[in-house]
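**Student:** Sharing a structure below in structure tokens format, with a few things to ask.
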Ligand SMILES: O=P(O)(O)OC[C@H]1O[C@H](OP(=O)(O)OP(=O)(O)O)[C@H](O)[C@@H]1O
Ligand code: HPA
Ligand SMILES: [Mg+2]
């Protein structure tokens, strides 16, 4: 684990589903109308599916970016841009677009995607303090030195008892 991260925050599928639904509730109670979701791959694909189902949004676009190799942050690469007809929804800048990602950490990814869609609403399930100012709506904040373990990155395995005895 990168030394920036001192704490773990493991999230189960059930917890992630619940938190993504909570995000959809928050977005539904706002005053914005969304014609499309732009999800930030790959992590944004899962919450985007849940939010789209809850909010009855059927137009889903992707913006494809890569920056982390597991927990090592590298150079940010945009692999696929947002289509021009989606960027124009609600006027230039994408006012009627909802951007969804799983989390914001340093805010580097969010900054790049926001610059593509300056009028869009940016939503994440989890947020850390450095990236929080870039997000309009989120559900749970964790400290900057916490690594969030997402359910698709984990598998079931043996955990030794707290006492340290094997059995
Ligand atoms: O705020 P930042 O410091 O930019 O970090 C947040 C981004 O990092 C992760 O994506 P990652 O680049 O690891 O790719 P993935 O979604 O394909 O896992 C996460 O899904 C966010 O998109
Ligand atoms: O805390 C995190 N967890 C998973 N992926 C991430 N990408 C940036 N920060 C994180
Ligand atoms: Mg991502």
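Cβ atoms are placed via backbone N, Cα and C, with glycine included.
Relevant sequence annotations retrieved from TrEMBL are reproduced here:
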{"type": "BINDING", "residues": "42, 43, 101, 102, 103, 104, 105, 106, 107, 108, 109", "note": "5-phospho-alpha-D-ribose 1-diphosphate binding site"}
{"type": "BINDING", "residues": "102", "note": "Mg(2+) binding site"}
{"type": "BINDING", "residues": "105, 148", "note": "guanine binding site"}
{"type": "BINDING", "residues": "105, 148", "note": "xanthine binding site"}
{"type": "BINDING", "residues": "105, 106, 107, 108, 109, 147, 148", "note": "GMP binding site"}
{"type": "DOMAIN", "residues": "13-158", "note": "domain 'Phosphoribosyltransferase'"}
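Walk me through where these features lie, including what they touch and how far apart they are.
**Tutor:** On its own chain, residue 101 (5-phospho-alpha-D-ribose 1-diphosphate binding site) has 39, 40, 43, 44, 47, 109, 110, 113, 122, 123, 124 as residues at least 6 apart in sequence with a Cβ closer than 8 Å to its own Cβ.
Neighbour density for residue 102 (Mg(2+) binding site): within 10 A of its CB lie 23 other CB atoms from the protein chains shown.
The C-beta environment of residue 105 (5-phospho-alpha-D-ribose 1-diphosphate binding site), restricted to residues of the same chain at least 6 apart in sequence and closer than 8 Å, consists of 128, 130, 131. According to DSSP, residue 105 (5-phospho-alpha-D-ribose 1-diphosphate binding site) is assigned to coil rather than to any helix or strand.
Spatially close to residue 107 (5-phospho-alpha-D-ribose 1-diphosphate binding site) yet at least six residues away along the chain are 130, 131, 132, 133, 134, judged by Cβ distances under 8 angstroms.
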**Student:** Could you give the Cα-Cα distance between residue 102 (Mg(2+) binding site) and residue 147 (GMP binding site), in whole Å?
**Tutor:** 13
**Student:** Round to the nearest Å and give the CA-to-CA distance linking residue 108 (GMP binding site) with residue 42 (5-phospho-alpha-D-ribose 1-diphosphate binding site).
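**Tutor:** Per the Cα atoms, residue 108 (GMP binding site) and residue 42 (5-phospho-alpha-D-ribose 1-diphosphate binding site) stand 15 Å apart.
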**Student:** Tell me the coarse DSSP state (helix, strand, coil) of residue 42 (5-phospho-alpha-D-ribose 1-diphosphate binding site).
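**Tutor:** Coil, per DSSP.
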**Student:** Please report the number of other Cβ atoms within 10 Å of the Cβ of residue 148 (guanine binding site).
**Tutor:** 20
**Student:** What is the separation, in Å, between the Cα atoms of residue 106 (GMP binding site) and residue 42 (5-phospho-alpha-D-ribose 1-diphosphate binding site)?
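**Tutor:** Just about 17 Å between their Cα atoms.
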**Student:** Looking at the binding-site residues 42, 106, 108, which sits with the largest number of other Cβ atoms within 10 Å of its Cβ?
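**Tutor:** Its Cβ has the most other Cβ atoms within 10 Å: 108.
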